[in-house]
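Input: a single structure, listed below in structure tokens.
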Amino acid sequence: MTTQPTTANDIKGLIAMVATGRPLSEADATRAFEAIMSGNATPAQIGGFLMALRVRGETVAEITAAARTMRDKAARIQAPAGAIDIVGTGGDCAGTYNISTAAALVTAACGVPVAKHGNRAASSKSGSADVLAALGVNLDADLALVERSIAEVGIGFMFAQRHHSAMKHVAPARSELGTRTIFNLLGPLANPAGARFELMGVFAQEWVEPLAEVLGRLGAERAWVVHGSDGLDEITTTGPTHVAEFRGGVVRSFDITPADAGLPLAKAEDLQGADPEANAQALRALLEGVKTPYRDIVVFNAAAALVVAGAAEDLATGAARAAQAIDSGAAKDTLARMIAIIGAPAS
């Protein structure tokens, strides 16, 4: 028996359930998000549903359903079984250098395949797509080339707008609402390569444990969800970082500090970035071996990624490997090789 698509009339009942404070089952939430992402809900219904969820508070089941639906509708690519994504929700309004993007390059240079998923900046000065474009990556590269880059170089960039065309049905309502909704959490949960390992940053600590559970439900083998004590959606070097790890079906929470990786504390102003061109220049300098607080935070995040991927026993070991990948020129070479495959066409 075929499943009938959820219609605009059907979603009314689901909106009413949420509006009265009732949590949706994963099946009911899937029906709602299937309607929304298929264009079978009106803008008013989408806005009403998203705000009802926001006011009541989104549940693990609802976030899982939304992310799974987004994954199902994505333009998929293949990545090696051990691939990791290093990604943040954005929304921390910190205006830092591009940390996860640089950490992804360093992690790949250490031999761990990275299926990097990201977008242009929403609340910051420079998103991962912005800085990579400034470095010479072609955001519109054929998806087969992105797949090839991951396979041959160990890293490729999946530009979210290329992979999630279903978001066109949600964009008008999100724009008119002008406030955070469940969709601000979904990007890092909807990796088009289905990476089974993930280092994910989030803009608020309240989401650290729930999103680790969501990643587990979505099939992650091991994942860290992190939030810096300074508000960063990254592992920070200005103080402690709260971590929820999903592994072996269990979520475990703990805090880490730069000292765990043998790194010094930084000041927030030392991590301030600028526009994509300036951030690209800083990233190039980092790959050349220039030692700054930016390098330290990138090494720390890469160290964590290596731990998550099973390529380092602990943060100190991971940090040493990450630093060596930079100092040997391997990380710089990784960027050059990626650009050789998915670089912007000559003008």
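These residue numbers are counts, starting from 1, taken along the chain as shown.
Each residue, glycine too, has its Cβ placed from N, Cα and C.
Taken residue by residue with DSSP, N119 (anthranilate 1 binding site) is part of neither helix nor strand, so it is coil. Taking a C-beta cut-off of under 8 angstroms and a sequence separation of 6 or more, N119 (anthranilate 1 binding site) has the following same-chain neighbours: G90, G127, S128, A129, F159, A160, Q161, G187. Feature annotation from Swiss-Prot assigns anthranilate 1 binding site to G88, N119; the stated evidence is sequence analysis.
In the three-state DSSP assignment, the secondary structure recorded for T96 (5-phospho-alpha-D-ribose 1-diphosphate binding site) is strand. The 5-phospho-alpha-D-ribose 1-diphosphate binding site annotation in Swiss-Prot covers G88, 91-92, T96, 98-101, 116-124, S128.
Residues annotated as Mg(2+) 1 binding site in Swiss-Prot: S100, E234. Under the three-state DSSP scheme, E234 (Mg(2+) 1 binding site) falls in the coil class. Within 10 Å of the C-beta atom of E234 (Mg(2+) 1 binding site) sit 30 other C-beta atoms, taking all shown protein chains into account.
Among the features that Swiss-Prot reports, anthranilate 2 binding site is placed at R174, with the record citing sequence analysis. Cβ neighbour count for R174 (anthranilate 2 binding site) (all protein chains, 10 Å cutoff from its Cβ): 18.
In the structure as shown, the Cβ atom of D233 (Mg(2+) 2 binding site) sits within 10 Å of 28 other Cβ atoms. Taken from Swiss-Prot, the feature Mg(2+) 2 binding site applies to D233, E234.
Closest to H117 (5-phospho-alpha-D-ribose 1-diphosphate binding site) in space, going by CA atoms and restricting to the binding-site residues G88, R174, D233, is G88. For the binding-site residues G88, R120, R174, a Cα to Cα distance of within 10 angstroms from D233 (Mg(2+) 2 binding site) holds for G88.
Cα distances from T96 (5-phospho-alpha-D-ribose 1-diphosphate binding site) to the binding-site residues G88, R174, E234 are smallest for E234. Cβ neighbours within 10 Å of G88 (anthranilate 1 binding site), excluding its own Cβ and spanning all shown chains: 26. Among the binding-site residues S100, R174, E234, the ones whose Cα sits within 10 Å of the Cα of G88 (anthranilate 1 binding site) are S100, E234.
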